[in-house]
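Residues or ranges marked as iminosuccinate binding site in TrEMBL: His41, Ser58, Tyr129, Val130, Asn131, Ser146, His215, Pro216, Glu217, Thr232. The [4Fe-4S] cluster binding site annotation in TrEMBL covers Cys103, Cys189, Cys282.
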Amino acid sequence: MDIFEEINVKGFHDEEIDASLDLFAEIEKLKKEKNAVILAHYYQEGDIQDIADYIGDSLGLSQQAAKTDADIIVFAGVHFMAETAKILSPNKKVLLPDVKAGCSLADSCPPHLFKKFKEKYPDHLVITYVNCTAELKALSDIVCTSSNAVQIVESLPKDQKIIFGPDRNLGAWVAKKTGRDLVLWNGACMVHEIFSREKITKLKERYPDAKILAHPECEEVILETADFIGSTTGILKYATNSPAKEFIVATESGIMHQMIKDNPDKTFIPAPPNNNCACNDCPHMKRNTLEKLYLCLKNEMPEVTVPAHIIADAVKPIERMLEISANLGL
Ligand code: 13P
Ligand code: SF4
C-alpha cells in the first residue's frame with residue numbers, strides 16, 4: 001500500500017440540536033456512559049476548555065493520549081493532534097468534533113515533497129515538529145513539540161547532522177538556542193506569522209511595564225521583542241509566576257481564556273497582527289464548537305483513523321520523543 005494514501009476521516013454532522021438542551025450536562029452524561037475522555041488544546045473556545053478533562057499544549061496532550069484508559073478520546077484540537085492520539089492509542093476510538101479542523105503548518109509540508117527533500121541529506125537525522133501529518137511522522141526519526149524541541153536537539157551528539165521540519169520559525173529559533181546548524185523545511189503557521197513588530201513596539205510604548213510573551217512559531221523579528229518564548233503551557237506558566245501585571249501575548253487567542261481564569265488580577269493584551277483583523281484566531285482550531293463536540297460524542301463521529309502501516313512507522317518517533325521528555329522530567 002502507498003504510504004501517501006489519504007488518511008481516513010469518517011462522519012459529519014448535519015443534525016439540529018434542541019435549543020433547550022443543557023449541552024454541558026449532556027456531554028458529562030455521555031462521557032460517563034461511553035467511558036470517554038475529552039482532551040482540549042489551549043486554542044479551543046472557552047466552553048470547550050471548561051468541559052475538557054484535560055487542557056494542555058501538544059506535549060501534554062500526547063502524554064495524556066498515551067496513558068488514558070478511556071475507550072473513546074474526543075480530541076478538541078486539530079487533525080494532526082487527533083492522529084497523534086490514534087497512533088499512540090490505536091485500539092481506542094478517536095473523535096474530532098469538526099472533520100475539517102486542519103492546520104496550515106501541517107499543510108505546508110506535503111509528505112511526498114518532504115521525502116524527496118530528505119533524500120538530498122542521507123546522513124541527516126529527521127526531527128519533525130508534531131504539527132505535521134501522520135505520513136510525515138512516519139518519515140521521521142524523532143518528533144518534538146515546542147516545549148521540548150531544544151532539549152530533543154540537545155539530546156543528540158553535537159556532530160549529528162539534522163533536518164528540522166516543517167516549521168521554519170521554530171527551527172530557526174531552536175538552531176539559535178542550541179548553536180546547531182539545522183537544515184530547515186520552509187513551512188509556517190498562518191496564525192503566528194501575522195503579528196506586526198511595528199504595532200507591538202507601539203503597544204509596548206503604551207504599556208512600558210508589559211512583558212511580551214511569544215510562541216516560537218512566530219517570526220524572528222517578533223521573537224526578538226519577547227521577554228519569554230515558549231509553548232502555550234510555558235507562556236501560561238510564565239504569566240502566572242511573573243510578578244508583572246501586564247502582558248502582550250503573541251500567540252493564538254484561545255490561550256487568553258486560561259490566562260485570565262488563572263490570573264484575574266492581570267491584564268492580557270493580544271499582540272496586534274499586521275492586518276485589520278484583531279482576532280488572532282486559528283480558523284482551524286475554531287471550527288470546533290460545543291455543539292459539534294456534543295454531536296461527535298453522541299454519534300461517535302467524525303472518527304479519525306490512521307492506516308496500520310503508517311502507525312507502525314509513526315509511533316516510533318513519537319515514543320522516542322515521549323521517552324526523552326520523561327527522562328528530562330518534561
Ligand atoms: P503548543 O500548544 O504545543 O505550544 O502548540 C501550539 C500550536 O500551534 C498548536 O497548533
Ligand atoms: Fe496549525 Fe497554526 Fe492553527 Fe496551530 S495555530 S493548528 S500551527 S494553523
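Backbone N, Cα and C atoms are what each Cβ position is placed from, and that goes for glycine too.
TrEMBL: automatically predicted annotations, no manual curation.
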Quiz prompt | Three-state secondary structure, which DSSP defines for His41 (iminosuccinate binding site) | solution = strand
Quiz item: Considering only the binding-site residues His41, Tyr129, His215, which fall within 10 Å of Cys189 ([4Fe-4S] cluster binding site) when distances are taken between Cα atoms?
Solution: none
Quiz item: On the Cα atoms of His41, Ser58, Tyr129, Val130, Asn131, Ser146, His215, Pro216, Glu217, Thr232, which are listed as binding iminosuccinate, what is the maximum pairwise distance in Å?
Solution: 17
Quiz prompt | Alpha-carbon spacing, Tyr129 (iminosuccinate binding site) to Cys282 ([4Fe-4S] cluster binding site), which is rounded to whole Å | solution = 18
Quiz item: Can you list which of the binding-site residues Asn131, His215, Cys282 have their Cβ under 6 Å from some atom of ligand 2?
Solution: Asn131, Cys282
Quiz item: Under 8 Å Cβ-Cβ from Asn131 (iminosuccinate binding site), six or more apart in the same chain: what's there?
Solution: Ser58, Phe80, Cys103, Leu105, Ala106, Pro166, Asp167, Cys189
Quiz item: Taking the mean position of the Cβ atoms of Cys103, Cys189, Cys282 as the [4Fe-4S] cluster site, which residues outside that list, in the same chain, have a Cβ no more than 8 Å away, listed in sequence order?
Solution: Val78, Ser104, Leu105, Ala106, Asn131, Met190, Val191, His192, Glu252, His284, Met285
Exercise. Using DSSP reduced to three states, classify Cys189 ([4Fe-4S] cluster binding site) as helix, strand or coil.
Key: coil
